[in-house]
Amino acid sequence: MIKKKEFWISFLKKAALTVANIYLFYPIIEIFVPLNEFESPLMFHYFLIASSLIALLLPFWFIWLPLQISVILFTFQQYFPLSESGWDWVRTNYTLLSETFSNFMAGGSNIFPTNLALLLMLLFISLATYLLINHRKPSWAILTSLVYLMILHVFTDYDFFAYVVQILGVSLVLLGVTQIPTDKGWRTAAKAFFVASIFGGLITWFSFWSTENLTEQQQWVENNSRKLQKNLDDRGVFDFVDFYRSGEGLQQLGYGEDDRSLGGPVQQNFDPAFVAYSDTSHYWRISTKTTYNGSGWNFADFSYLISIDYLTKSTLPSETSSEIIIERDEDFHYFPYTYQLIDTQIDNGYFAVKIPSLDLEYQNDDEQTMIPTSYTLTIADIGIGESLLRNAPEIEEELLEAEELQVPNSVPLRVWELAAEITEGSNTVYDRVLAIENYLRSEAGLRYSMREASFVPEGEDYVDHFLFESKVGYCDNFSTAMVILARMNGIPARWAKGFNGGTQQTNEEGNTFYEITNANAHSWPEIYFPEVGWVPFEPTPAYQQSLANFVTPDDGTEEETPVADEESLLTADEEDEIVPDAEAESAQVPETRPDTDASHVNDTADTGWPKRFVGILLGMGVIIGVLTHRKWYASVIELFIQNPSFSLRTKTKLVLSLFGIGYKKRKQETLRQYFEEVTKAIPMHKNNILAFVQVIEKLLYAPADEKIVEDAEVRKILLNMVTAFKDLQAIQKKSSF
């Protein structure tokens, strides 16, 4: 009877650990899935529950292991499906994993591949779950979960404090449950469980409460730790964190004007753009472009301003309308608007439309007047009947030379062949457009990722590289591809850019509004339908259909309201409506660096798995080294320089961070100016320092065919720089006495 009682107490103890294990990893999954740009965490949660139950019910490792491997492979297949099955699927995935890891280690990507990240997370949860439930060892799961969240908290722009506290509370309960005795009877076990739960809950509550109510105590800790903070700053710890936190080398998300060269990974940017007071979500257009150059979209060769009627006349009167108030951030200089526009109102002035980009531009008679940050849009509460699009006539032959049909001669033949293959059997313009959209969204095997999008090799076409080589991209890739594929089918199309709907909020008065940040920057195609006009489509898988508030299904109740052709509005009798634009002919649009803005993105949170997984692991070791002994840190850098697995770019960054420990670079200094100052302290290393600077300059700025490669001589330069750092260290140490 006693043994039976102990068995049931032990089993219930394991069951409690199973439940706690699910609660422990739940927030990890909720963070990991969107940060790595997977569509849904549901399958991951099923994996967690299944793994916990397998560990509970099948404690013997020789039974648990093969079953758990099967669950891992099944879950992995759900997120990375392939056409193969069985052992062919395993071999193909092994090859893909090996290739992506080799490419990452060789410096071909700054971002840790999501397929490897997923596999590592599945393995980690499996091992931690088994050790916790069957061996009563919670330390592995607790420490690694907390370390993962702390790394994300430090190296990304997101606040994970609430998740850290939640995991801390569950961890305390876990530690208490593992200590529950199984041989002391039900009463003792119940008391122990009750105490552990109450204690964990109180600690969690106090942690949340103290952050809001113990501000004076927090200030006291901060004031009395300034000496430690200064010491860490002098040792370069904060510089190291800022270096990796910034995602150096990645493009920043946000709206930008220069789209002539698209491609490459991007990181999130949640700087505010504007707020829209509206009951429904809309796509916010800012401009359009028509000339594709094989790498991106060119600026228009000319521009002029015309009356806002150019846009509002394209929407026929409606029985009902809605007003949308736009409040722009003071640092946001554009005027977003949406479809079905009827009227606009802005204080002390009016809007004109810039042709051909369709930007709104503020106009007034007083040059001294400040541009208002708020304005109002009036839109029609109507949609276009789907049958109107389906029955739209074919494009007339005389329009086939239009700019909206332009495709460069450099686009490879296989893209033309694919365009014909996609629309084969489609009878109408609308059917062909839907076929292209569906192909890009789901049928082509293309994957949405901001972090793994590759730069286009020199000489290759942007669309061709995306469709046939990388097959990974974000909105710019999908939207540009749809425009080109539509044009190849004789369908006029153009590239629109602006912002997606944003995040819905409610203010204290109960009014609904949408908060739009640079993370909502987006691009999409617009397709021209005769007798209808320009209609937006959405080929990017991560986004909802842009037609949701624009095209209505034909259920017999909706009135079909055509949108007039914008080009047909430019007639001779409208010349009087043209507004002079003194700057349009002479002023050039300020060019922005490709790495500082782009029209991209996803409205999900984050930069995912830490931006450089290997860099993070190195960084943890480096920080420990910095806090313990600088000489040891330099020796670690020497080992990495001699390791062929790391790219030359990574090695040079490590050397730079090494010097940053004791000789901080001022923001206004160039690299050469910085090392000129360093040379004054160690003049005997002048020649090698100059050689190192030249290596970096060639690495960053040389043409693709002249890029520097790592050889014995370059490796010697890097190692000599470590020696120079040690000499600099010795000199600084002597001068401190």
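The first residue you see is number 1, and the count goes up from there.
From the backbone N, Cα and C atoms, a Cβ is placed for every residue, glycine too.
Marked as transmembrane segment by TrEMBL: 15-35 (among others).
Among residues of the same chain six or more beyond the transmembrane segment (42-64), those with a C-beta under 8 A of the stretch's C-beta atoms are 14-15, 18, 21-22, 25-26, 29, 32-33, 71-72, 75, 78-79, 122, 125-126, 129-130, 132-134. Among the features that TrEMBL reports, transmembrane segment is placed at 42-64 (among others).
Residues annotated as transmembrane segment in TrEMBL: 111-133 (among others).
Here TrEMBL flags 140-155 (among others) as transmembrane segment.
The annotation transmembrane segment is assigned in TrEMBL to 161-180 (among others).
TrEMBL lists 192-209 (among others) with the feature transmembrane segment.
Annotated domain 'Transglutaminase-like' per TrEMBL: 467-541, in sequence order. Sorting each residue of the domain 'Transglutaminase-like' (467-541) by its DSSP state yields 21 helix, 32 strand, 22 coil.
According to TrEMBL, the feature region 'Disordered' maps to 554-604.
The feature compositional bias 'Acidic residues' is assigned by TrEMBL to 555-584.
The average pLDDT for the domain 'Transglutaminase-like' (467-541) in the predicted structure is 90.
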